[in-house]
Amino acid sequence: MRLFVGLGNPGTKYQGNRHNIGFMVVDEIARRHGFAPWRRRFQGEASEGALDQERVVLLKPATYMNESGNAVQDAARFFKLTEGDVVVFHDEIELPPAKVRVKVGGGIAGHNGLRSISAHIGNEYRRVRLGVGHPGVKERVHAHVLNDFAKSERPWVEALVDVVAENAALLVTARDSAFQNKVHLAMQAKGFVEKDAKGDNGGK
């Protein structure tokens, strides 16, 4: 069993924010793969289904970003899951727009949602880092992630959310490199990421 957590802030005010791309991904996973309707659970909204014949629970914490760990801990305890069973989808300013990287453990790069989760369940969970780009200077980061994606960005955002959801089953069995490669090649084919130098196919 796996717990897939999408990070974001609840409410229509934040719906289109860069910070909410994690919510967008788990919403699309639920839609694409026929998960059960969302219902209020674990200080958030949860939906159950299966990917690659493995039971998966999707979770959108309603605690606001900085307290995401409370909801994740509640769900993990209920299902008796370890941090290794948890996959977190989140915005990543240190990656260019439309890029995706997967890693287990490591630093939190100033992300308050990850900080909260690590404080509650430990650090060795899988993170799917969804690139939203950096505004250029540290002082603009807060406004950058709490603003909506620009109209010009929406095509790649919709494509990325779709491709990540399509290939989400690979994350259930920790086929992280295969997941990264499939997402990278699909986004490249759609013209949203440039062709890499020889030998770089979207790996870590």
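Any Cβ shown, glycine's included, is placed from N, Cα and C.
As recorded in Swiss-Prot, the features of this protein are as follows:
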ACT_SITE  His19  active site, proton acceptor
BINDING   Tyr14, Tyr64, Asn66, Asn112  tRNA binding site
SITE      Asn9  site 'Discriminates between blocked and unblocked aminoacyl-tRNA'
SITE      Asp91  site 'Stabilizes the basic form of H active site to accept a proton'
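Where Swiss-Prot records a feature, it is marked here on the structure.
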| residue | record | contacts (Cβ under 8 Å, 6+ apart) |
| --- | --- | --- |
| Asn9 | site 'Discriminates between blocked and unblocked aminoacyl-tRNA' | Asn17, His19, Asn20, Tyr64, Met65 |
| Tyr14 | tRNA binding site | Gly8, Asn20, Leu146 |
| Asn66 | tRNA binding site | Asn112, Gly113, Arg115, Ser116 |
| Asp91 | site 'Stabilizes the basic form of H active site to accept a proton' | Leu7, Arg18, His19, Asn20, Ile21, Gly22, His111, Leu130, Val132, Val145 |
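Listed in chain order, the extra residues whose Cβ falls within 8 Å of the Cβ center of the tRNA site residues Tyr14, Tyr64, Asn66, Asn112 are Asn9, His19, Thr63, Met65, Glu67, Ser68, Gly113. The tRNA-binding residues named in the record, Tyr14, Tyr64, Asn66, Asn112, extend over a maximum Cα to Cα distance of 16 Å. In the three-state DSSP reading, Tyr64 (tRNA binding site) counts as coil. With a 10 A radius on its CB, Asn112 (tRNA binding site) counts 17 other CB atoms from all the protein chains.
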